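Notes follow the structure.
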Amino acid sequence: MTVTNDITASEASGSPEVSALPAKGQGVRKVPTSWTPWWVGYLQAAPMALVFLLFFILPLAATFVVSFWNYTEYSIEPAFVTTNYSDVFYGCFSGGSALCTTFATYLSTLKFVAIVWLLTLQIGFTVAYFLCFHVKTLPMQIALFMVCTIPFWTSNVIRMISWIPLLGRYGLVNETLQGLGLIDAPLEWLLYSDFAVALALVHLYTLFMVVPIFNSMMRIDKALIEAAYDAGASSWQTLTNIVIPLVKPGIVIGSIFVVTIVTGDYLTIGIMGGQQIASVGKVIQTQINFLQFPIAAANAIVLLAVVLLTIWGMLRLVDIRKEL
(Lines of atoms letter the chains of each structure in order from A and count residues from 1; the text may use other names and numbers.)
(Lines give C-alpha, C1' and ligand atoms only; values in the text may rest on other atoms or scores of the structure.)
Protein backbone atom coordinates (compact mmCIF):
# COMPACT_ATOMS: atom_id res chain seq x y z
CA MET A 1 0.00 0.00 0.00
CA THR A 2 2.84 2.32 0.80
CA VAL A 3 4.56 1.62 -2.53
CA THR A 4 1.35 2.35 -4.43
CA ASN A 5 0.90 5.64 -2.65
CA ASP A 6 4.52 6.60 -3.38
CA ILE A 7 4.11 5.91 -7.10
CA THR A 8 0.84 7.84 -7.20
CA ALA A 9 2.46 10.74 -5.45
CA SER A 10 5.38 10.66 -7.84
CA GLU A 11 3.07 10.69 -10.87
CA ALA A 12 1.19 13.63 -9.43
CA SER A 13 4.39 15.53 -8.84
CA GLY A 14 5.64 14.84 -12.39
CA SER A 15 8.72 12.93 -11.28
CA PRO A 16 10.98 12.36 -14.32
CA GLU A 17 12.07 8.96 -13.07
CA VAL A 18 8.56 7.52 -13.31
CA SER A 19 7.39 9.43 -16.37
CA ALA A 20 10.39 8.13 -18.32
CA LEU A 21 9.34 4.52 -17.77
CA PRO A 22 7.75 2.91 -20.84
CA ALA A 23 4.08 2.03 -20.71
CA LYS A 24 3.07 -1.58 -20.46
CA GLY A 25 3.34 -3.38 -23.81
CA GLN A 26 5.56 -0.71 -25.35
CA GLY A 27 9.25 -1.00 -26.22
CA VAL A 28 11.96 1.13 -24.77
CA ARG A 29 12.22 4.41 -26.62
CA LYS A 30 15.64 4.89 -28.23
CA VAL A 31 17.24 8.18 -27.35
CA PRO A 32 19.20 9.70 -30.25
CA THR A 33 22.93 9.56 -29.58
CA SER A 34 24.06 11.76 -32.47
CA TRP A 35 22.85 15.11 -33.71
CA THR A 36 24.69 14.89 -37.06
CA PRO A 37 22.43 16.09 -39.90
CA TRP A 38 21.49 13.52 -42.52
CA TRP A 39 23.17 15.44 -45.32
CA VAL A 40 26.65 15.40 -43.78
CA GLY A 41 27.44 12.00 -45.32
CA TYR A 42 26.53 13.26 -48.79
CA LEU A 43 28.64 16.35 -48.22
CA GLN A 44 31.67 14.24 -47.31
CA ALA A 45 31.24 12.09 -50.41
CA ALA A 46 30.71 15.09 -52.70
CA PRO A 47 34.42 15.84 -53.50
CA MET A 48 35.17 12.27 -54.57
CA ALA A 49 31.89 12.07 -56.48
CA LEU A 50 32.77 15.32 -58.27
CA VAL A 51 36.23 14.02 -59.23
CA PHE A 52 34.68 10.75 -60.43
CA LEU A 53 32.13 12.67 -62.49
CA LEU A 54 34.58 15.13 -64.06
CA PHE A 55 37.45 12.76 -64.82
CA PHE A 56 35.65 9.48 -65.54
CA ILE A 57 31.95 9.74 -66.32
CA LEU A 58 32.09 12.86 -68.51
CA PRO A 59 35.15 11.78 -70.59
CA LEU A 60 33.61 8.35 -71.07
CA ALA A 61 30.30 9.87 -72.11
CA ALA A 62 32.10 12.23 -74.50
CA THR A 63 33.98 9.30 -76.05
CA PHE A 64 30.71 7.43 -76.53
CA VAL A 65 29.08 10.45 -78.19
CA VAL A 66 32.04 11.14 -80.50
CA SER A 67 32.03 7.49 -81.62
CA PHE A 68 28.81 8.24 -83.53
CA TRP A 69 30.10 11.37 -85.26
CA ASN A 70 31.00 11.51 -88.92
CA TYR A 71 34.45 12.48 -90.17
CA THR A 72 36.27 13.13 -93.42
CA GLU A 73 39.89 13.75 -94.29
CA TYR A 74 39.53 17.39 -93.30
CA SER A 75 36.73 17.69 -90.76
CA ILE A 76 34.69 16.10 -87.98
CA GLU A 77 30.94 16.56 -88.16
CA PRO A 78 28.62 16.06 -85.15
CA ALA A 79 26.03 13.50 -86.24
CA PHE A 80 24.54 10.15 -85.31
CA VAL A 81 25.88 7.48 -87.64
CA THR A 82 26.97 3.90 -87.04
CA THR A 83 29.54 3.96 -89.82
CA ASN A 84 32.44 3.98 -87.37
CA TYR A 85 31.33 0.74 -85.74
CA SER A 86 30.77 -0.78 -89.17
CA ASP A 87 34.33 0.18 -90.11
CA VAL A 88 35.67 -1.37 -86.89
CA PHE A 89 34.12 -4.74 -87.78
CA TYR A 90 34.61 -4.41 -91.54
CA GLY A 91 34.91 -7.86 -93.12
CA CYS A 92 34.45 -9.69 -89.81
CA PHE A 93 31.06 -11.19 -90.65
CA SER A 94 31.44 -11.73 -94.38
CA GLY A 95 31.92 -15.47 -94.00
CA GLY A 96 35.51 -15.58 -95.26
CA SER A 97 38.03 -18.07 -93.93
CA ALA A 98 40.59 -15.45 -92.91
CA LEU A 99 40.24 -13.40 -89.75
CA CYS A 100 39.34 -9.76 -90.23
CA THR A 101 41.77 -7.08 -89.09
CA THR A 102 39.86 -6.33 -85.89
CA PHE A 103 39.59 -9.94 -84.78
CA ALA A 104 43.25 -10.57 -85.63
CA THR A 105 44.26 -7.50 -83.62
CA TYR A 106 42.18 -8.54 -80.63
CA LEU A 107 43.57 -12.06 -80.86
CA SER A 108 47.12 -10.66 -80.75
CA THR A 109 46.23 -8.46 -77.78
CA LEU A 110 44.48 -11.24 -75.85
CA LYS A 111 47.45 -13.52 -76.49
CA PHE A 112 49.70 -11.14 -74.58
CA VAL A 113 47.03 -10.68 -71.90
CA ALA A 114 46.85 -14.44 -71.31
CA ILE A 115 50.64 -14.92 -71.26
CA VAL A 116 51.29 -11.96 -68.96
CA TRP A 117 48.41 -12.87 -66.64
CA LEU A 118 49.64 -16.44 -66.26
CA LEU A 119 53.27 -15.44 -65.60
CA THR A 120 52.43 -12.59 -63.22
CA LEU A 121 50.06 -14.88 -61.32
CA GLN A 122 52.75 -17.51 -60.84
CA ILE A 123 55.44 -15.01 -59.88
CA GLY A 124 53.13 -12.88 -57.74
CA PHE A 125 51.72 -15.85 -55.83
CA THR A 126 55.20 -17.26 -55.19
CA VAL A 127 56.57 -13.95 -53.92
CA ALA A 128 53.54 -13.29 -51.72
CA TYR A 129 53.62 -16.84 -50.32
CA PHE A 130 57.31 -16.52 -49.46
CA LEU A 131 56.81 -13.18 -47.72
CA CYS A 132 53.81 -14.36 -45.70
CA PHE A 133 54.76 -17.88 -44.65
CA HIS A 134 58.55 -18.10 -44.85
CA VAL A 135 59.51 -14.69 -43.47
CA LYS A 136 58.73 -14.88 -39.77
CA THR A 137 58.90 -11.29 -38.53
CA LEU A 138 56.65 -8.45 -39.64
CA PRO A 139 59.47 -5.86 -39.97
CA MET A 140 61.36 -8.21 -42.29
CA GLN A 141 58.19 -8.84 -44.33
CA ILE A 142 57.70 -5.09 -44.76
CA ALA A 143 61.38 -4.57 -45.62
CA LEU A 144 61.39 -7.29 -48.29
CA PHE A 145 58.10 -6.02 -49.69
CA MET A 146 59.61 -2.55 -50.02
CA VAL A 147 62.58 -4.10 -51.84
CA CYS A 148 60.10 -5.55 -54.35
CA THR A 149 58.75 -2.05 -55.00
CA ILE A 150 62.14 -0.39 -55.63
CA PRO A 151 62.08 -0.91 -59.43
CA PHE A 152 58.66 0.74 -59.51
CA TRP A 153 60.00 3.98 -58.12
CA THR A 154 61.11 4.90 -61.64
CA SER A 155 59.13 5.53 -64.81
CA ASN A 156 57.66 2.65 -66.77
CA VAL A 157 59.41 3.93 -69.89
CA ILE A 158 62.83 3.88 -68.20
CA ARG A 159 62.33 0.36 -66.89
CA MET A 160 61.14 -0.80 -70.29
CA ILE A 161 63.97 0.81 -72.27
CA SER A 162 66.51 -0.69 -69.86
CA TRP A 163 65.88 -4.07 -71.49
CA ILE A 164 67.15 -2.91 -74.88
CA PRO A 165 70.89 -2.85 -73.97
CA LEU A 166 70.46 -6.29 -72.42
CA LEU A 167 68.51 -8.00 -75.20
CA GLY A 168 69.90 -6.23 -78.28
CA ARG A 169 71.90 -7.92 -81.02
CA TYR A 170 75.11 -6.76 -79.38
CA GLY A 171 73.62 -6.59 -75.91
CA LEU A 172 74.83 -8.11 -72.68
CA VAL A 173 72.86 -11.36 -73.04
CA ASN A 174 74.06 -12.15 -76.57
CA GLU A 175 77.64 -11.16 -75.80
CA THR A 176 77.65 -13.37 -72.70
CA LEU A 177 76.18 -16.37 -74.50
CA GLN A 178 78.65 -15.99 -77.36
CA GLY A 179 81.52 -15.58 -74.93
CA LEU A 180 80.54 -18.84 -73.21
CA GLY A 181 80.36 -20.58 -76.57
CA LEU A 182 76.68 -21.44 -76.18
CA ILE A 183 75.66 -19.73 -79.43
CA ASP A 184 77.51 -18.90 -82.64
CA ALA A 185 75.42 -15.91 -83.73
CA PRO A 186 73.33 -13.36 -81.83
CA LEU A 187 69.77 -14.39 -81.02
CA GLU A 188 67.53 -12.12 -83.05
CA TRP A 189 64.32 -13.04 -81.20
CA LEU A 190 65.45 -11.58 -77.89
CA LEU A 191 64.47 -8.05 -78.92
CA TYR A 192 61.65 -6.62 -81.05
CA SER A 193 59.66 -9.81 -80.74
CA ASP A 194 56.76 -11.37 -78.86
CA PHE A 195 59.26 -12.60 -76.28
CA ALA A 196 60.55 -9.08 -75.60
CA VAL A 197 57.02 -7.69 -75.30
CA ALA A 198 55.91 -10.41 -72.88
CA LEU A 199 59.09 -10.03 -70.80
CA ALA A 200 58.69 -6.27 -70.49
CA LEU A 201 54.99 -6.51 -69.62
CA VAL A 202 55.65 -9.11 -66.91
CA HIS A 203 58.43 -6.93 -65.51
CA LEU A 204 56.20 -3.85 -65.49
CA TYR A 205 53.04 -5.29 -63.98
CA THR A 206 54.01 -8.14 -61.64
CA LEU A 207 53.69 -5.87 -58.61
CA PHE A 208 50.01 -5.34 -59.42
CA MET A 209 49.54 -9.06 -58.81
CA VAL A 210 51.82 -9.30 -55.77
CA VAL A 211 50.11 -6.62 -53.68
CA PRO A 212 46.51 -7.97 -53.63
CA ILE A 213 47.64 -11.57 -53.11
CA PHE A 214 50.02 -10.51 -50.34
CA ASN A 215 47.21 -8.55 -48.68
CA SER A 216 44.90 -11.59 -48.78
CA MET A 217 47.56 -13.94 -47.43
CA MET A 218 48.36 -11.64 -44.52
CA ARG A 219 44.72 -11.97 -43.40
CA ILE A 220 44.92 -15.76 -43.14
CA ASP A 221 44.92 -16.96 -39.55
CA LYS A 222 48.19 -18.83 -39.07
CA ALA A 223 46.37 -21.13 -36.63
CA LEU A 224 44.57 -22.65 -39.62
CA ILE A 225 47.89 -23.61 -41.19
CA GLU A 226 49.17 -25.07 -37.94
CA ALA A 227 45.94 -27.01 -37.43
CA ALA A 228 46.21 -28.47 -40.93
CA TYR A 229 49.77 -29.64 -40.29
CA ASP A 230 48.74 -31.07 -36.91
CA ALA A 231 45.98 -33.02 -38.66
CA GLY A 232 48.55 -34.61 -40.94
CA ALA A 233 48.01 -32.51 -44.07
CA SER A 234 50.92 -32.14 -46.45
CA SER A 235 52.20 -28.80 -47.69
CA TRP A 236 50.44 -29.33 -51.02
CA GLN A 237 47.13 -30.18 -49.32
CA THR A 238 47.42 -27.12 -47.10
CA LEU A 239 48.15 -24.94 -50.12
CA THR A 240 45.27 -26.24 -52.25
CA ASN A 241 42.64 -26.63 -49.52
CA ILE A 242 43.35 -23.63 -47.28
CA VAL A 243 45.64 -21.01 -48.79
CA ILE A 244 44.37 -20.83 -52.37
CA PRO A 245 40.62 -20.74 -51.47
CA LEU A 246 41.27 -17.94 -48.96
CA VAL A 247 43.32 -15.82 -51.38
CA LYS A 248 40.97 -16.12 -54.35
CA PRO A 249 39.66 -12.55 -53.86
CA GLY A 250 43.23 -11.23 -53.97
CA ILE A 251 43.96 -13.28 -57.09
CA VAL A 252 40.88 -11.86 -58.82
CA ILE A 253 41.73 -8.27 -57.85
CA GLY A 254 45.29 -8.67 -59.13
CA SER A 255 43.99 -10.30 -62.30
CA ILE A 256 41.65 -7.37 -62.91
CA PHE A 257 44.56 -4.94 -62.58
CA VAL A 258 46.84 -6.90 -64.91
CA VAL A 259 44.23 -7.72 -67.55
CA THR A 260 42.90 -4.15 -67.66
CA ILE A 261 46.31 -2.50 -67.96
CA VAL A 262 47.83 -4.96 -70.43
CA THR A 263 44.77 -4.84 -72.70
CA GLY A 264 45.17 -1.11 -73.24
CA ASP A 265 48.98 -0.95 -73.23
CA TYR A 266 50.36 0.23 -76.55
CA LEU A 267 53.65 1.88 -75.58
CA THR A 268 55.34 -1.31 -74.42
CA ILE A 269 54.18 -3.27 -77.45
CA GLY A 270 55.30 -0.47 -79.75
CA ILE A 271 58.81 -0.11 -78.30
CA MET A 272 59.64 -3.70 -77.41
CA GLY A 273 57.92 -5.05 -80.52
CA GLY A 274 59.68 -2.67 -82.87
CA GLN A 275 56.37 -1.29 -84.19
CA GLN A 276 55.78 -4.67 -85.84
CA ILE A 277 53.22 -6.25 -83.49
CA ALA A 278 49.56 -5.32 -83.68
CA SER A 279 47.50 -4.39 -80.63
CA VAL A 280 44.19 -2.66 -80.05
CA GLY A 281 45.83 0.17 -78.14
CA LYS A 282 48.28 0.73 -80.99
CA VAL A 283 45.42 0.91 -83.50
CA ILE A 284 43.65 3.54 -81.39
CA GLN A 285 46.86 5.55 -81.01
CA THR A 286 47.47 5.51 -84.77
CA GLN A 287 43.92 6.68 -85.48
CA ILE A 288 44.28 9.52 -82.99
CA ASN A 289 47.58 10.57 -84.56
CA PHE A 290 45.78 10.84 -87.91
CA LEU A 291 43.00 12.87 -86.22
CA GLN A 292 40.42 10.16 -86.88
CA PHE A 293 38.78 10.71 -83.51
CA PRO A 294 35.33 9.19 -84.22
CA ILE A 295 36.60 5.77 -85.30
CA ALA A 296 39.23 5.87 -82.53
CA ALA A 297 36.40 6.50 -80.06
CA ALA A 298 34.43 3.59 -81.52
CA ASN A 299 37.44 1.31 -81.11
CA ALA A 300 37.85 2.53 -77.53
CA ILE A 301 34.21 1.78 -76.71
CA VAL A 302 34.51 -1.73 -78.16
CA LEU A 303 37.71 -2.30 -76.18
CA LEU A 304 36.00 -1.04 -73.02
CA ALA A 305 33.12 -3.45 -73.59
CA VAL A 306 35.55 -6.36 -73.94
CA VAL A 307 37.37 -5.39 -70.74
CA LEU A 308 34.12 -4.96 -68.80
CA LEU A 309 32.88 -8.36 -69.96
CA THR A 310 36.16 -9.90 -68.83
CA ILE A 311 35.93 -8.24 -65.42
CA TRP A 312 32.29 -9.28 -65.09
CA GLY A 313 33.27 -12.88 -65.78
CA MET A 314 35.95 -12.74 -63.07
CA LEU A 315 33.58 -11.23 -60.53
CA ARG A 316 31.07 -13.97 -61.22
CA LEU A 317 33.64 -16.53 -60.11
CA VAL A 318 34.71 -14.92 -56.83
CA ASP A 319 33.09 -12.42 -54.48
CA ILE A 320 35.74 -9.77 -53.80
CA ARG A 321 33.64 -7.61 -51.47
CA LYS A 322 35.34 -9.13 -48.43
CA GLU A 323 38.60 -7.58 -49.62
CA LEU A 324 37.17 -4.09 -50.11
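Heads up, the Cβ atoms here are built off N, Cα and C, so glycines get one too.
Residues annotated as compositional bias 'Polar residues' in TrEMBL: 1-13.
Summarising the annotation, TrEMBL assigns domain 'ABC transmembrane type-1' to 106-314.
Taken from TrEMBL, the feature region 'Disordered' applies to 1-21.
Positions annotated as transmembrane segment by TrEMBL: 45-68 (among others).
Annotated transmembrane segment per TrEMBL: 88-108 (among others), in sequence order.
The feature transmembrane segment is assigned by TrEMBL to 114-135 (among others).
If you look up TrEMBL, you'll see 142-164 (among others) marked as transmembrane segment.
With a threshold of 8 Å between CB atoms, the same-chain residues lying at least 6 positions outside the transmembrane segment (195-214) that come near it are 112, 115-116, 119-121, 123-125, 127-128, 131-132, 145, 148-149, 151-152, 156, 159-160, 163, 167, 189, 247, 249-251, 253-255, 257-258, 261-262, 265, 268-269, 271-273, 277, 323. For 195-214 (among others), the entry in TrEMBL reads transmembrane segment.
Residues or ranges marked as transmembrane segment in TrEMBL: 251-273 (among others).
Residues or ranges marked as transmembrane segment in TrEMBL: 293-315 (among others). Residues 60, 63-64, 66-71, 76, 84-85, 87-88, 106, 252, 255-256, 259-260, 263-264, 280-281, 283-284, 287 of the same chain lie 6 or more positions beyond the ends of the transmembrane segment (293-315) yet place their CB under 8 Å from a CB of it.
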Quickly jot the same-chain residues contacting the transmembrane segment (142-164) by Cβ under 8 Å, restricted to those at least six beyond its ends, or write none.
127, 131, 135, 171, 191, 196, 199-200, 203-204, 207, 210, 214, 267-268, 271-272
Quickly jot the same-chain residues contacting the transmembrane segment (251-273) by Cβ under 8 Å, restricted to those at least six beyond its ends, or write none.
109-110, 112-113, 116-117, 120-121, 124-125, 156-157, 160-161, 163, 191-194, 196-197, 199-201, 204-205, 208-213, 216, 279-282, 284-285, 303, 306-307, 310-311, 314-315, 317-318, 320, 323
